[in-house]
Amino acid sequence: MDAKARNCLLQHKEALEKDIKTSYIMDHMISNGVLTVVEEEKVKSQATQYQRAAALIKMILNKDNYAYISFYNALLHEGYKDLAGLLHSGLPLVSSSSGKDTDGGNTSFVRTVLCEGGVPQRPVIFVTRKKLVSAIQQKLWKLNGEPGWVTIYGMAGCGKSVLAAEAVRDHALLEGCFSGGVHWVSIGKQDKSGLLMKLQNLCTRLGQEESFSQRLPLNIEEAKDRLRVLMLRKHPRSLLILDDVWDPWVLKAFDNQCQILLTTRDKSVTDSVMGPKYVIPVESGLGKEKGLEILSLFVNMKKEDLPVEAHSIIKECKGSPLVVSLVGALLRDFPNRWAYYLRQLQNKQFKRIRKSSSYDYEALDEAMSISVEMLREDIKDYYTDLSILQKDVKVPTKVLCVLWDLETEEVEDILQEFVNKSLLFCNRNGKSFCYYLHDLQVDFLTEKNRSQLQDLHRKMVTQFQRYHQPHTLSPGQEDCMYWYNFLAYHMASAGMHKELCALMFSLDWIKAKTELVGPAHLIHEFVEYRHILDEKDCAVCENFQEFLSLNGHLLGRQPFPNIVQLGLCEPETSEVYQQAKLQAKQEVDTGRLYLEWINKKTIKNLSRLVVRPHTDAVYHACFSQDGQRIASCGADKTLQVFKAETGEKLLDIKAHEDEVLCCAFSSDDSYIATCSVDKKVKIWDSGTGKLVHTYEEHSEQVNCCHFTNKSNHLLLATGSNDSFLKLWDLNQKECRNTMFGHTNSVTHCRFSPDDELLASCSADGTLKLWDVRSANEKKSINVKRFFLSSEDPPEDVEVIVKCCSWSADGDRIIVAAKNKVLLLDIHTSGLLTEIHTGHHSTIQYCDFSPYDHLAVIALSQYCVELWNIDSRVKVADCRGHLSWVHGVMFSPDGSSFLTASDDQTIRVWETRKVCKNSAIVLKQEIDVVFQENEMMVLAVDNIRGLQLIAGKTGQIDYLPEAQVSCCCLSPHLEYVAFGDEEGAIKIIELPNNRVFSSGIGHKKAVRHIQFTADGKTLISSSEDSVIQVWNWQTEEYVFLQAHQETVKDFRLLRDSRLLSWSFDGTVKVWNVITGRIERDFTCHQGTVLSCAISSDATKFSSTSADKTAKIWSFELPSPLHELKGHNSCVRCSAFSLDGILLATGDDNGEIRIWNVSDGQLLHLCAPISIEEGTATHGGWVTDVCFSPDRKMLVSAGGYLKWWNVVTGESSQTFYTNGTNLKKIHVSPDFRTYVTVDNLGILYILQVLE
């Protein structure tokens, strides 16, 4: 203790011992931490009051400066002001080193100054808000002894007063700026007499030693003058703190060149005073962690031990310090009421959350209500109108102009009043303003005006209808996004069911909205308002929702597809189809092109939802434990989280520096784990997307991650190419266990349903089971042995065990490797059953249904299969993905499953709907003959049988044959010819099905086959580089042999001549009667990929893998023109009917139109790239064809496109269900088109008349 302080205490020891009662004083000193309970007992043990006082003072004399100041403060608080006055002169300026409290500069000097100035103490339960406190202190430093105003403003209960007190609890600030002290005045809502009383009290405090202080000021003006004299002469470097100022006129009484810090709900209160002004808004509430910290302090528990309701309470409190403190104080009294208070918050029952405290109001609704009551009468109703705004929604000024029927400037003036009074918040975006309410303000208004809400929503809709037509809103309008997002909400809330149905069942609205915001929000609205929409027509609602769900991957892309054309692909009974047809017919009259898919009745779409959340391959996707959300990850290095029912995006996280290979929800859905090629494992908060942990102990890429199934103690397992498995406890920063045993990459891991075991799969050909508690290997099953034949040495056979999945009872496990799924008994390691999926594909992933015997299997040939694991029967074949399927997973209840693919999409399928699809799938080998009123399609199906399909009626004749590789029809539909994989060729006579077989055939698979015009001769080519000419009626053969490599294709010319092209880079012209070569053109360095012949048969074109195309004359050995400019393989070409134009298509999706006479480029037809690096046209352009008048061009690639040849612009796009179209067959009148996609779906399209 300082000598001055010690002497002062000794000097007045006798007076102190005579008068003080020690018990209350010791309470203060114990709470300050300067006296112990043991010391208190020693004092209490003394017999008389005098002896107890003497013992206490003796103890204080042996302590430090902090004990002296604590004793001084205790005397003040307990009413011994005269005795405290005796000790005042001995107060040390700073505490001694032994008792120094460096917490934010809160020294004993600071405590003394604040105590003298009447600054409130810290609340018993207190958490720091360092950023805001620092911001206030910075503004106070700016005053630097000069007059000025620092304003802390914010809504009711946001902690302004606590922040103001905390800001001055700083030694450096008080010593450097306010050495004259700090004086706190609580203002509140005052009239003139109340303000005069406040001023009188302040003058008395400041002028205690002045003679004129005996007479109080008689009016506000006198008080203002006296205050000015006191502040300038006696307290020149002091800070005046005015707490809770409501009215500007109040501040005029203090406007006398002082340094003032004030708290208020109304930012504009300082508009009426002079001098520098600084403003600190308190908008943001407490974060989740701070809120939990407050609750934990109130109930005296560790944060991690708080019940699950604590997190929900913080969420419902929206960060309000007042509400968190009120709830915490109530819970301290009633510790079992967590669920009750959560329910009151959720039901907006603020009246039931009441607690007396140092705050002026016992409940939040009281605090907010007083602010609203203070508004001018003429604008109160406008504030009531804001009751219909949704939380977290920023509303443009224009919306409120529509609602109130006022000019922009008038609306902005009204709203600024609300903003100034902290009843509304404003965001400036360029020249325009957006306004929003705090969540608690929304709750307060909703509860206060509950009886008026429907009328208020109706007013909003009615005003909208006065100003706008729903589908004519343009992106340039300031308010358009608000109406697209919330018009349906206002209609539903207004009870305007008829108007809501008209809106939601309008294709115009669907088109306009999806073009701007994508389909997910619309799907959400169909789900949200299903109960209303079903009142009109539940089938129509189903039609629209299904249309959006299944076309979501198209409707979210750029360029935006023609929604009317998509609608025409819906079933004819669908309301979407009927509206699209009506609209299309109107647009056809203005010259627009639309196509009808006339054979679509046979197609059933089995997916429930298709979403495209990624810009690259999707490697994994999984359901949350409640089945409400899906998380996905992939090659674009992101983690995406979206709603499982609607596809609405919830989180978009740039998760890793390299491809993300796997993701998993924790059992309580609180966290998502991701692992990556970058060797890292990361844990994310599944609600906020914040990074919680990063683990970096694997030395190679991490392939898989999986959480335990129970939430009582969360563990995460990861497997890596470094051959190790690791177990992670989320409460620890380092790996809990590393499991050694695999000799190659760990590809997959899964905890057993009871979490006792961990199964792991590896490229070493084994499945291992590990004891989770001890992290020891319990069992190793050699999966490779199930793939060995007797003659195979084990070391020569590589078996990568791709994945595993447990049965619900935990006794069995399925594993996938190569093309087999094996069901194993974990107790005996025995094989119970196996499923063989076929030789042509490998299994990528599999999952076991939680409630039945189904397994879903992803295959490399883009297909997903559902199998009954016990009966070994395939239950379903799910086609729809356009590339490899990397992941499959059942929902927790088994009612649906998801699939994730290289094609950037995730599909959700309903298990019960995906029954065995009896439709036979077509191969892409077809031939089409167009006759006057009919077309016939000859197709090869997946059982390698032949189907003869009447295009108009859809009637099918089956011509069963095995291993068909190609087929063709004779021009007059009298015969069918086909070649097979073994090189045999056959002809079937129609309609009696008599078969003629070629006696010679080819040595390898037949690839192309064609009748001559008279149908008497059949020409075929195969992989053996020979072209065979077979007059099947006379059994005469001619063999065209000269190509050095496989013949790519051929075309018949006039006069018994034939043009063929080959992988050897040459084009040859043959006489098919003699078998001689008439012309031999060495056309390209690379493979000749296609040739086209002009209609006058004088020219032909050749395209090549060398990125060029050439135009040739049959009479000249060198090309007429070499066409350069393509940046990839030129795969196809076609002449216009008059021979003036040539179109070429390449593997980048570009089509170029050239002038044949001079070889000049006329147009480049290239669809806009969807994503950087993605091929346009959905892939390679494989076929092109001009209309007879050469005004239009149709092209085949990933889908079909029609082009305006004059402008080079796209006229229409038809998105097929699958992709990779090989060829398009076009009728002579250019009105009918036939193709087959890679899913085996046949499209017969007709131009809509």
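Cβ from N, Cα, C; glycine included.
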Per Swiss-Prot record, range annotated region 'Interpropeller linker' [choices 634-645, 754-765, 910-921]: 910-921
Listed co-binder of ATP (same site as Gly154, Met155, Ala156, Gly157, Cys158, Gly159, Lys160, Ser161, source Swiss-Prot) among Arg52, Arg233, Arg237, Arg265: Arg265
Confidence summary for the repeat 'WD 1-2' (655-694), mean pLDDT rounded: 96
Secondary structure composition of the repeat 'WD 1-6' (838-877) [DSSP: H/G/I, E/B, coil]: 0 helix, 22 strand, 18 coil
Sequence-remote partners of the repeat 'WD 1-1' (613-652) [C-beta within less than 8 Å, at least six residues beyond its ends]: 519-521, 523-524, 527, 549, 552, 658-665, 667-669, 672, 674, 676, 684, 686, 689, 883-884, 886-887, 889-893, 896, 898-906, 908, 1171
Close approaches to the repeat 'WD 1-2' (655-694) from elsewhere in its chain (Cβ under 8 angstroms; 6 or more beyond its ends): 288, 619-626, 629, 631-635, 637-639, 641, 700-711, 714, 716, 718, 720, 728, 730, 733
